[in-house]
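Chemist: Pasting in a structure now, in structure tokens, and then I'll have a few things to ask.
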Amino acid sequence: MNVFEPRLSSWLENAGDDDDVVLSSRIRLARNLKDEQFPVYEQKEEIVDNIAEVFDDNFTLIKMNQISLLQKALLVEKHLISPYMMNKSEYGAVLLNEEENVSIMLNEEDHLRIQCMTPGLRLFDALEAALQIDGYVEEKLSYAFDKEFGYLTSCVTNIGTGMRASVMVHLPGLVTTKRIKSVIEAIRSLGFVVRGIYGEGSMPASNIFQVSNQVTLGKTETEIVEDLTQVMEQIIMQERVARTTLKQKFHIALEDRVFRSYGLLMNCRIISMKEASDAISDIRLGVELGFFEHISRQKMNELVLFSQPAFLRREAGRDMDELEEKVIRAKVIREILGDK
């Protein structure tokens with residue numbers, strides 16, 4: 001297993017329910033050990049070793065103090081660790097399975113953060129996988145748990161189930177029809193959070209948004225997932241309506257925009273992250289509307305991931321200035337799109 005190779009994780013490579021709109025679903029469980037201090041102010045490497053011993057050879061342990069900053073950034077871009085772990089968790093580590101759809105962060109904000117990812121809208125599948133791992137760990141290690149408050153976590157907003165359920169969605173139709181603001185306001189009024197592609201603190205890119213639950217106390221894991229699934233079903237329906245409206249009422253203008261973006265990416269020699277993200281979103285929309293039969297969703301996911309800064313530095317084999325990064329990005333994008 002070489003997680004640093006330029007390949008898609010299984011949750012970005014395989015098909016899933018409603019994957020014309022939904023890229024992926026994720027369940028994350030935050031847990032702390034009963035007899036250890038948290039928040040993790042004094043990050044103890046022995047905590048990592050003790051937890052890692054619980055897992056078998058199906059998982060690979062990667063310690064943050066044994067890899068380079070570039071390798072950490074690659075893990076962030078693949079959504080396998082958080083930006084927090086990359087920047088602040090010197091004695092942190094991550095356990096990964098071969099498919100890269102299970103990532104267990106150790107000594108991040110909490111002792112364990114178990115996250116399971118699935119393609120499309122499959123929150124219940126992700127929940128089942130996460131709870132199975134959680135139960136396995138709890139048989140061998142004692143969690144910090146309170147009968148009244150539930151699982152105790154470093155951040156009070158995670159107390160209770162300790163669960164964050166999130167869905168990554170592509171919403172170009174709602175953005176183009178200028179309905180995205182009202183949709184986000186409606187989502188927030190229902191107690192959910194809308195963030196960028198890399199979660200808290202990140203901005204949307206390629207018209208990709210992340211929707212997650214805010215409440216973790218007072219509801220069961222199943223109830224939270226049911227509520228989020230219902231919200232996502234409404235968002236999916238509204239996005240599809242917006243796409244249909246664009247295709248029916250503004251077909252020529254839409255087709256022109258999509259093919260201009262395709263021409264840009266096929267022929268560019270210098271391109272910024274913002275310009276590439278906008279064009280990739282246009283082409284992904286074109287793929288879903290049937291404009292490009294030769295381009296798969298998998299190829300679109302490759303464009304998003306492999307045009308990120310860390311993957312470009314890996315491709316170049318060195319650090320680059322801003323212009324060099326734009327040149328390498330253009331080259332990588334042309335190669336991906338040209339490989340039919």
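Yeah, the Cβs are placed from backbone N, Cα and C, and that goes for glycine too.
Annotations for this protein, taken from Swiss-Prot, read as follows:
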BINDING   24-28, His79, Arg113, 164-168, 195-200  ATP binding site
DOMAIN    21-242  domain 'Phosphagen kinase C-terminal'
Chemist: Measure the Cβ-based neighbour count of Arg113 (ATP binding site), defined as the other Cβ atoms within 10 Å of its Cβ.
Modeler: 26
Chemist: Around Ser24 (ATP binding site), which residues of its chain at least 6 apart sit with Cβ under 8 Å of its Cβ?
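Modeler: Expected: Trp11, Leu12, Gly16, Met117, Thr118, Pro119, Gly120, Val167, Met168.
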Chemist: For the domain 'Phosphagen kinase C-terminal' (21-242), would you mind checking the mean pLDDT of the predicted model?
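Modeler: A mean pLDDT of 92 is what the predicted model shows over the domain 'Phosphagen kinase C-terminal' (21-242).
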